[in-house]
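Colleague: So TrEMBL has the following annotated:
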- GLU130: active site (ACT_SITE)
- CYS87, HIS129, HIS133: Fe cation binding site (BINDING)
Amino acid sequence: MELTIRIYPDHVLREKSKPVSTFDERLQKIATSMTEFMQRLDGIGLAAPQIGILERIIVVDIGRGPLYIVNPEIIKSKGKEIFEEGCLSIPGASVQIKRPFLIEIRGCDIEGKEIHIKAKDLLARVIQHEIDHLQGKLIIDFLSKEALLKFNMNYNPTLPAFQVRGRE
Ligand SMILES: [Zn+2]
């Protein structure tokens, strides 16, 4: 199966992802592919739909090694902070987004073991961004109508850096 990084306006990015119920070799392979893509693109997070897989899997790496969260669920959040976000699936976009800076997440690791994580600041930010992807939500959804129109008019999704392919 050939995998490519999905770039807005690819419809896959707008779909809702399904929970993972089988923790097998295939899931391991997906996780490995996701990390490869993320590293090749110099990203700090990636969600499975960004490589065309509509399953609730995210990977985050803010410099401490990849953290996989399967079926992530935010169970608590606190505070509000505005920070600029970009997205590997929307080259050139950067949006100021207000989000909680402290969150608690429940989910599983790729072996299916339950995990419970408290995250703050950048880690909390990236996790929330990736969870949005699992709902089909993108950073440009935080723009005003006017700003979105302007963004779409100037959007050029064919930047060579994003023509990245890989194999599962
Ligand atoms: Zn993104």
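In case you wondered, yes, glycine gets a Cβ from its N, Cα and C as well.
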Colleague: Where does CYS87 (Fe cation binding site) sit by DSSP, helix, strand or coil?
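Modeller: SS state of CYS87 (Fe cation binding site) = coil.
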Colleague: Non-local Cβ contacts of GLU130 (active site) (under 8 Å, 6 or more apart, same chain)?
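Modeller: Listed in sequence order: GLY45, LEU46, ALA47, ILE58, VAL59, VAL60, PRO72.
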Colleague: Beyond the listed site residues CYS87, HIS129, HIS133, identify every same-chain residue whose Cβ lies within 8 Å of the center of their Cβ atoms for the Fe cation site.
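Modeller: So the extra residues in range turn out to be GLY45, ALA47, GLN50, GLU85, LEU88, SER89, GLU130, ASP132, LEU138, ILE139.
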Colleague: Quick one: give me the count of other CB atoms within 10 A of the CB of HIS133 (Fe cation binding site).
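Modeller: So the Cβ neighbour count for HIS133 (Fe cation binding site) comes to 23.
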Colleague: When DSSP is mapped onto helix/strand/coil, what comes out for the residue listed as 'active site'?
Modeller: helix
Colleague: With an 8 Å cut-off on Cβ-Cβ distance and a minimum sequence separation of at least 6, pull the same-chain contacts of HIS129 (Fe cation binding site), or say none.
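Modeller: Once residues fewer than 6 apart are set aside, HIS129 (Fe cation binding site) is near GLY45, GLU85, CYS87, ILE139.
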